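Annotated features, as they stand in TrEMBL:
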type     : residues                                 : note
ACT_SITE : E115                                     : active site, proton acceptor
ACT_SITE : C369                                     : active site, S-methylcysteine intermediate
BINDING  : C135, C139, C142                         : [4Fe-4S] cluster binding site
BINDING  : G195, E196, S227, S249, F250, H251, N326 : S-adenosyl-L-methionine binding site
DOMAIN   : 121-358                                  : domain 'Radical SAM core'
Amino acid sequence: MTQTAPITQDVLTIPRKLPEGPVNLVGLTRDTLREVLIAHGTPEKQAKMRVNQIWQWIYQWGVRDFHAMTNLAKAYRAELAEKFVVAIPEVVSKQVSADGTRKYLVRIAGGHEVEVVYIPETDRGTLCISSQVGCTLTCSFCHTGTQKLVRNLTAGEIIGQVMLARDDLNEWPKPGEPAGERPRLISNIVLMGMGEPLYNFDNVRDAMKIAMDGEGISLSRRRITLSTSGVVPEIAKTAEEIGCLLAVSFHATTDEVRDTLVPINKKWNIATLLETLRDYPRLSNSERITFEYVMLKGVNDSDADARRLVQLIKGIPAKINLIPFNEWPGSPYQRSDWERIERFADIIYKAGYASPIRTPRGEDIMAACGQLKSATERARKSRAQIEAEVGH
Ligand code: SAH
Ligand code: SF4
């Protein structure tokens, strides 16, 4: 594996305003695409068929040039090219970790940046995508939470992350080739990058609907996992309107500790969260909820915590994913010792729950959970630190 140089550029990138212009079709639901085509002159009678054709070019074969959409009449293609674009976020840089993990720094409209991480494993390939620039929540162990700049990503920017990774991995089937001919490099999607997906519900839903659509990227809803810090009112909606798997950033077994780690707990506490989670498997017709639990030395990693955790989740079909804390510059916690993590895992396992310990991936390129933060933000921060040091 090659390892690329660390990101150094972009310290002074000035947010640019993209020119007003043709409508971007990426991220539109089938219904909206239909409306947009009709509004721009496609006869209503033909619209459904045109949607199907264009959809297949964009999402099944990864084609973005209207002129290459050969089952459409030439004149119609030219018309489309005048009025629309098929545009996805731009990859500013790519880093490849010694373990094969790829991290893409991606620029979206307005000059903002988000990170996308691809994690290859023997039996699967997982793409970790972002839902917001930064995050409005301020979990004390999370790097993303320290980033000030925040905006919701559009549905196009969310599904665009999947599309750009498919480009990089050369995963699109050739036009005409049916889906399912070759093994999938991106077999799973996790919404575990930057941002709280349930604070950007509609765009996340629309993007995931596109990912699941059988005439396109065609990922099963059981291969998509949405991770939330616990936005209770949106959880049932996730079951009903997306139907994907759910992961919850649990991280503590008392409200006192969870209030400090995951401050949204002050709004929806452990009891309220668990009550909602109990309904999720039935509502979404899925098997298990993943409880994510970051292992912080001396904070939430005692035997008593492990036992309380098991008690709390009793009756909920669950898997507990133990995440060794990933440090970031200035982080206020330390990772629990390995023996502690194993002992914690053992208690949970003996109580009848799967308790995998998540191997940190891509640490050398700061691609591991909770380490994501835009390079410009990092650079800005280090510049501020330098200025402080020289006494400005
Ligand atoms: N906002 C959502 C999804 C993004 S965070 C959420 O909080 O669930 C994805 C996962 O990484 C969460 O479980 C989060 O708690 C975890 N995480 C954040 N910072 C981390 C860190 N420094 N080390 C390990 N895991 C971290
Ligand atoms: Fe936001 Fe999730 Fe990080 Fe909390 S852990 S600050 S919710 S991204």
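For all residues, glycine too, the Cβ spot is worked out from N, Cα and C.
Known features from TrEMBL, placed on the structure.
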residue	record	DSSP (3 states)
E115	active site, proton acceptor	strand
C135	[4Fe-4S] cluster binding site	coil
C142	[4Fe-4S] cluster binding site	coil
G195	S-adenosyl-L-methionine binding site	coil
S227	S-adenosyl-L-methionine binding site	strand
S249	S-adenosyl-L-methionine binding site	strand
N326	S-adenosyl-L-methionine binding site	coil
Widest Cα pair spacing in Å over the listed S-adenosyl-L-methionine contacts G195, E196, S227, S249, F250, H251, N326 is 19
Neighbourhood of G195 (S-adenosyl-L-methionine binding site), C-beta criterion under 8 angstroms, separation at least six
S130, S131, Q132, V133, G134, C135, T144, N152, L153
Integer Å distance between the CA atoms belonging to the residue listed as 'active site, proton acceptor' and S249 (S-adenosyl-L-methionine binding site)
20
Using only C-alpha positions, which one of E115, C139, C142 is spatially nearest F250 (S-adenosyl-L-methionine binding site)? These are the recorded positions in the record.
C139
For C139 ([4Fe-4S] cluster binding site) and S227 (S-adenosyl-L-methionine binding site), determine the Cα separation and express it in whole Å.
14
If you count the other Cβ atoms within 10 Å of each Cβ, which of the binding-site residues S227, S249 comes out on top?
S249
I need the CA-to-CA distance for H251 (S-adenosyl-L-methionine binding site) versus C142 ([4Fe-4S] cluster binding site), whole Å please.
12
